[in-house]
């Protein structure tokens, strides 16, 4: 009986051990999921804060450049001058942007780049609202609708974005940097940027808004990758794995400094020449596009997403772009909520009659001009038969 009980007891013990192991594994998975979601929400909060600071910084720097433009024109950024370095208001804008970039920097350490970067659309909303208040730039009804569309697109991006990162350590990042696709991308971006700086910018920079913004956006895709790498180094160091003895950390630091310096110079040139409400949205579209492209090549953050989430991300991004351009393309249209109500309640027949009458008078004027030019029929004072009929109608 004792020998018979032995195997059954051992089997029961093994089953209990297996259950305990399974429970421990499930508990570990729950902890991992909770940690991942916690990092996601921290990154989301930092990204939103970053957009608020950066949006405000655009307004402050623009006010400084406007103040500088009223003085000596040779010191303007668009003329190659650096007079803005002596303007305290410009430095306040730089400090505000630095706070935003610091939040952005921290956000990349906690959340995927494909989430953090598109949320920069919120800075466009902040800039649009504040520029209408502080810079006297217009934000009509269509612009306000565009702001709402941008918020809707950003929400869709947050819902469908990846909740975890594909690269979680410097060792994994070093391996991914050896990928042939990423190396070709780096070479291509460097060649195109140098061509724009050396050849295109001196000739077309003052007449085409895309020139300076393209330089900022191309270099900006490198700055985000560099910030992401530096953020991983700091995060690993805080977790006990020292990374400041790793030469790759200092490589990312040098890249961040170089990229941000180039972006500051060319963004100042664009802001000095063109309207803030045009620079900000176009910069967002170009910058976000190149960052998503670069992060998809290097980090492969979308590899864990399903087809529905990928489509949702693309739709959210396109919705945000539509909202941004709606704010800008129709910013000069004189339309308000009151005018919209009048238009809605006005009978369609009245509108049709007004349009016909306007077209009829236009035709009469064109005919009279032709008669004057040809001198076929001398015009006497008063209206001709055609015009009298139109007026009577």
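Here the Cβ of each residue, glycine as well, is placed from N, Cα and C on the backbone.
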Among ranges 310-330, 331-351, 352-372, whichever one TrEMBL labels transmembrane segment: 310-330
Stretch-level contact, the transmembrane segment (310-330) and the transmembrane segment (182-202), CB cutoff 8 A, at least 3 pairs: no
